[in-house]
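Reviewing the structure listed below.
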Amino acid sequence: MQRVLELLLLSSTALAVIGDGFIALPVHKLQAGEGSAHFPNRLPIFDVVNGVAKSVEDDVNQIIQPIFGNGIFSGGSIQGTHSGNGHSVKYEVSLPSSSAQKGSNGPSSTDNKDTDPSKTGFSLDDLMNSISTDFWNLIGLNKPPTSSDNGSKDADFTPSAVSQVEQPTSKSVESTAPGSASSASSSSSSEAASSSQPSEDSQPSSSANKKTGAFFLSLDNTQTLYTATLKVGSPAQEVQVMIDTGSSDLWFISSGNSQCKVNGGSIDCDKYGVFDKSKSSSWHDNKTDYSISYYDGDKASGTMGQDNITFADGFSIENANFAVIDNTTSSIGVFGVGYPELEAVKSKYTNLPFAMKEQNLIAKVAYSLYLDSRDAVQGYILFGGIDHAFYTGDLKAFDIVQCNDKYVYSQIPLTSVASSLNNYTNAYGLPAGSNHPKVGAVIYNGTDSFNGGVDLKDTLTLLDTGTTYSYLSKDQVESIVGLYGNVTYNDAGKAYEVPCWVGNPGNYLEFNFKNEQYIKVPTSEFVISVGTYASGAELCVFGILPGTHSILGDNFMRSVYAVFDLEDHVISIAQAAYNDNHAVVPIE
């Protein structure tokens, strides 16, 4: 088996022991312009009134098939052919003799929940033990623990299979799962990557070939928003959309959008791609009008319909509901992953997160977000799973707060914000008229401690990837800015001025959630250079803006690992850990 796995590794197929198949797709970031007023805020404008063991055969099939394809169990060996990345490898893997002796026909084909090896032919532990530790070390993975290792795992997030990934890495992470008081080491290390993608004219897989478990969607960092690439229609058309936890609809810009340059408008619609429904044989127009307005001023109108959407090979939604927009000034569509209550149509429908569970792509309507650092090229949204390598400390769960007895926004209470200043380079000797630091307010002689802060009184706050900056009430923003000196509003930037040195490395804001979780965010995320004073000194404004809704946008979200569970109505958060390792566990 070791030699076969090495051959597969050489053919650019990597392995990871995790849930029943998961895929990684990248998220891209847009480039920021100057100032702050024109960045995306895709919060829709609405008046809101209104752990069971499987049979050994199942376990082994889940592990073998993603690696080798559909092999045949025959006596004490597994035979078959694996194809991928332009390579085809025939294999015959001999099972350990102790296993082969137990049954001439391999594992039982019945749905036997008893995993006793003496009753099922051979055990999953036998298979895992047959792979040498040297091989796991070779590909950069820790050898997965077996029952004989007395290893523990979180009962809420149970790994169940192996999947193909691109970049083998390893990390063992101590973690506490949402809703669980016990801390456990993740029993499966995995690699985030993108599985081989279907060709442009490939058809979405039938439900019989779909995988269940967890899958990544890569998010490309454009500096103002995060974009994901989806394949829609038959044959597939590749279109980028921005990922948005603050809305619920998926919509694509139509090739017929009147605002596109090719149609006489001013928008470069080719930059992120458009959907031409006339070229899709599987498109169905349901004749329902669609219209939505966002707080950043963008609007979109078109019609609702259904078509097939592919995220990665084996992970697709058939007859997904979405809108095709023929009139918008936005250059990119939106992939809303919020509650259905935020849908911009009167008759509610099954949006994509819920359709993923309905069509068995994931076991629970949940996803986790890791945007990585500000300078990172991409982040990830992981549907149906948690990557324990992407955070430090414990995940703390907070109940999502309802709005008028309905789950509408993914909002949790924000208790307070404090500041720590440890780097005073260029803090003094500022020109007259500039925003001098208020000595004694938050300057603690270089110590990493807090003598104060701003009490936000558990303000309900939306965690929103569709918003570039963050928003609090005018009074709250002024209180935070007041920690740094004079409170001056800049009309041109539509934001409050702040001393540029506050953004020095080593300075940070600490966000307190119910005195249970504290997230540190570098102040550089909130200090935005927008020009110069008349004196020539640099002018900066604060990246928490005054608004009617409390929103923690991308400049906060990059510092947190967040798990959105729309089924149990909780959001779990922890301090983000920037690295390239993975330890993925599907949520069951």
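Even glycines carry a Cβ here, placed using N, Cα and C.
Mapped onto three states, the DSSP output places ASP244 (active site) in strand. Neighbour density for ASP244 (active site): within 10 A of its CB lie 26 other CB atoms from the protein chains shown. The feature active site is assigned by Swiss-Prot to ASP244 (among others), with sequence analysis given as support.
As annotated by Swiss-Prot, active site applies to ASP464 (among others).
As annotated by Swiss-Prot, compositional bias 'Polar residues' applies to 95-110 (among others).
Taken from Swiss-Prot, the feature compositional bias 'Polar residues' covers 160-179 (among others).
Summarising the annotation, Swiss-Prot assigns compositional bias 'Low complexity' to 180-208.
The domain 'Peptidase A1' annotation in Swiss-Prot covers 226-574.
The N-linked glycosylation site annotation in Swiss-Prot covers ASN150 (among others).
Other Cβ atoms within 10 Å of the Cβ of ASN286 (N-linked glycosylation site) number 11 in total over all chains. Annotation comment: Swiss-Prot describes ASN286 (among others) as N-linked glycosylation site.
Here Swiss-Prot flags ASN308 (among others) as N-linked glycosylation site. Take the CB of ASN308 (N-linked glycosylation site) and look out to 10 A: across all protein chains shown you find 21 other CB atoms.
Counting every protein chain shown, 16 other Cβ atoms lie within 10 Å of the Cβ of ASN327 (N-linked glycosylation site). DSSP assigns ASN327 (N-linked glycosylation site) to a strand segment in the three-state reduction. Summarising the annotation, Swiss-Prot assigns N-linked glycosylation site to ASN327 (among others).
Following the DSSP three-state reduction, the secondary structure of ASN423 (N-linked glycosylation site) is coil. Swiss-Prot lists ASN423 (among others) with the feature N-linked glycosylation site.
The N-linked glycosylation site annotation in Swiss-Prot covers ASN445 (among others) and is backed by sequence analysis.
Every protein chain shown contributes to the tally, and the Cβ of ASN486 (N-linked glycosylation site) ends up with 16 other Cβ atoms within 10 Å. Annotation comment: Swiss-Prot describes ASN486 (among others) as N-linked glycosylation site.
Per Swiss-Prot, the feature region 'Disordered' maps to 83-124 (among others).
Look at Swiss-Prot and you will find 144-209 (among others) tagged as region 'Disordered'.
As annotated by Swiss-Prot, signal peptide applies to 1-16, with the evidence given as sequence analysis.
Within the set of recorded positions ASP244, ASN286, ASN327, ASN423, ASN486, the entry lying nearest in space to ASP464 (active site) is ASP244 (CA atoms). Taking Cβ-Cβ distances under 8 Å and a sequence separation of 6 or more, the neighbours of ASN423 (N-linked glycosylation site) in its chain are TRP501, ASN504, PRO505, GLY506, ASN507.
Just so you know, the Cβ of ASP464 (active site) picks up 28 other Cβ atoms within 10 Å once every protein chain is counted.
Cα to Cα, ASP244 (active site) and ASN486 (N-linked glycosylation site) are separated by 35 Å. Here ASN308 (N-linked glycosylation site) is compared against the glycosylation sites ASN286, ASN327, ASN486, and the shortest C-alpha distance is to ASN286. Secondary structure from DSSP puts ASN308 (N-linked glycosylation site) in a beta strand. Comparing ASN327 (N-linked glycosylation site) with ASN286 (N-linked glycosylation site), their Cα atoms are 18 Å apart once rounded.
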